[in-house]
């Protein structure tokens, strides 16, 4: 087609037609309060990619070497000015510099007090999940918060002990390590309850050999007795504090994008069930064995049923009363306060802890009724020390999932409030901040930390504006540690377990999200259910690995099976939509428009070809074989003159009159692939397009590409697509391709077959002689 001859799209010029229902002067308002819809009129030639690039000058891209790309990715952050670098490492500088004292200070003070009221009892409860003394939960609420205030970019995330990371995942590792170390289950439980353990109370698991013990403390046979749950928890924090800043320096913050919302929802819901079952021993007062591995939750419930005669009625009654009080406050009192415009939740957890401690002290629950209590809590702060290297070696690999989950949860919470309040949360800086917080906390026997969603909600709802809330919260926890912690020695463990059980309401309610995901997408629902069931059945760590692998496999499957459509114009306009979704859309006679909505790479290439042939209704292999049968290949001389010419011509006529061939060719003379939704293409994809174009050409069907993005055009050019197929077969839009296709269909009554074996020439005298003979 000549570029000088424009192909009119049916309109004369570009203009705007006013709504006929409007007034002449345009003053009258419209019923939907919207301006009139403009009308688009276009008059230009139909452009192929070659024509377009010849008429409009392109900008040559700057070629970047692999070294420059790597340097920009890994050390780009260090090429800025010293001031910018310091501000990026210490985000506290920005919000302190712009702090609005009159507007924010009072709100941050109120929010800091509110969060501290909730954090103190919750952190003590989470320590029971991890099988460490409750005082370590208070340590975790103090030291890491200070570090995150300096380095974190989220202004509303409440950093500290969190049920999933600090509780169930840490506790799972602690139980396994202590059992491998020859520590008895009784010792784990007594240590968690803060009881003093004598040499006689320490038993060794008979299955543990001397060699396995010396792997923990080489050369010291008795040092295994000194391994405590708190030391293992600190070692986990130490490992997280090393690998997370290292990941930040390597710019690995993008890894969190592979943990989808469905994955996190299913994982946290299953983990909430683990937390609840781990609290049954405290809610009922029964000494249950610590279960891990396959079907751990079911085994724990069966253990409780088996030992139902050992249930302590006082513990059950205390737990029941506390849970009822907490639920009443959460459901009714907070709702009433919110209706009155008071956004601060009622501090019922603090009142329950104070009231239970007073009642337990007056009536001596521990001495008279055998109710387990928190026990002695030493006032003051621990001396800093590094975890033993032998313990660090044991849990190094086991700590990686905690780092991944902790970072993902913290980043998700940070982004939620960052979008809401208009500030940026930087993934790599968050990875660094959480890592530094864990490293600093490991020096003071803290549990691994992450962002807590319930406390973050409370911090934002109570009016918190900046991380000054964490500083105020930390000082209040410091005051508790220095002066008030000894007063909590009579607090029943079942009270803390009740607080944790009620706090799990939100996590357990996530089970309703499965129906939502399943309704939106069956694959998204499958990710949720696979994650949930794998964690329930296989245990936390194995379930995490299996569900993460399954989630990635489903992602790959979705990438290799994208949505595809057969397009048609709406009422002969230049708008092309799926013909199965719009009544007014119909396929153009002789033209099939196929849209592929996803990446075209080695994994999706086979689906692309098979689905395209299925949608356009062509069995390409059958047509190629039918053609080969009619035109057998022979030597060049055999394909020239003589009777073979007549037989070849007869074969072509027979082929054209074949009902199957004629029907297919009549319906599909030209195939157009809409590449506007093609997000990515690799070398395999380009090769597949070239082969497909050649195969269509063998049966006389033209193959066009339309709407290719610049990066797709670049890939086609690099892989010699234009040299082998031609630039004239690639167009800037679907409508341009359709207009040119209509020209081709109008110019030729029958499709031309490429590489036709027919060569008709006049007979020579020699040929006549052979014929007569």
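Placed from the backbone N, Cα and C atoms, the Cβ positions cover glycine too.
Listed in TrEMBL:
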type     : residues : note
REGION   : 1-21     : region 'Disordered'
COMPBIAS : 1-11     : compositional bias 'Basic and acidic residues'
TRANSMEM : 104-122  : transmembrane segment
TRANSMEM : 128-151  : transmembrane segment
TRANSMEM : 158-179  : transmembrane segment
TRANSMEM : 232-252  : transmembrane segment
TRANSMEM : 264-283  : transmembrane segment
TRANSMEM : 311-332  : transmembrane segment
TRANSMEM : 344-363  : transmembrane segment
TRANSMEM : 391-411  : transmembrane segment
TRANSMEM : 431-454  : transmembrane segment
TRANSMEM : 466-484  : transmembrane segment
TRANSMEM : 491-508  : transmembrane segment
TRANSMEM : 528-557  : transmembrane segment
DOMAIN   : 581-741  : domain 'STAS'
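Below 8 A, the CB atoms of the transmembrane segment (264-283) and the transmembrane segment (431-454) form no more than two pairs separated by six or more positions in the chain, fewer than 3 in all. Within its own chain, the transmembrane segment (344-363) is flanked in space by residues 110, 114, 117-118, 120-122, 318, 322, 325-326, 329-330, 333-334, 337, 371, 373, 458, 461-463, 487-488, 490-492, 495-496, 498-499, which lie at least six positions past its ends and keep a Cβ under 8 Å from the stretch. Spatially, the transmembrane segment (466-484) is not adjacent to the transmembrane segment (232-252); fewer than three Cβ-Cβ distances between them are under 8 Å for residues at least 6 apart in sequence.
The listed stretches are 104-122, 158-179, 311-332, 431-454, 528-557; of these, 431-454 has the most Cβ pairs under 8 Å to the transmembrane segment (232-252). When pLDDT is averaged over the domain 'STAS' (581-741), the result is 81. Long-range neighbours of the transmembrane segment (128-151) within the same chain, counting only residues 6 or more positions beyond its ends whose Cβ lies under 8 Å from a Cβ of the stretch, are 89-92, 119-120, 122, 157, 159-161, 163, 166-168, 170-171, 174-175, 188-189, 191-194, 228-230, 233, 275, 278-279, 282, 290, 374-375, 377-378, 381-382, 429, 432-434, 436-438, 440-441, 443-447, 449, 467-468, 470-471, 473-474, 477-478, 480-481, 485, 488, 493, 496-497, 500. Using a cut-off of 8 Å between Cβ atoms, the transmembrane segment (391-411) and the transmembrane segment (491-508) share fewer than three residue pairs, counting only pairs 6 or more apart in sequence.
Listed as Cβ neighbours of the transmembrane segment (528-557) (distance under 8 Å, sequence separation of 6 or more from its ends, same chain) are residues 168-169, 172-173, 258-260, 262-263, 265-267, 269-271, 273-274, 292-297, 398, 401, 405, 511, 513-514, 517-518, 603. Same-chain residues lying 6+ beyond the ends of the transmembrane segment (158-179) with a Cβ under 8 Å from its Cβ atoms: 115, 119, 122-123, 126-127, 129-132, 137, 140-141, 144-145, 148, 152, 185, 187-188, 205, 227, 229, 232-233, 236, 267-268, 271-272, 274-275, 278, 290, 292, 391, 394-395, 398-399, 401-402, 405-406, 409-410, 434, 437, 447-453, 455-456, 458-459, 469-470, 473, 500, 503-504, 507, 539-541.
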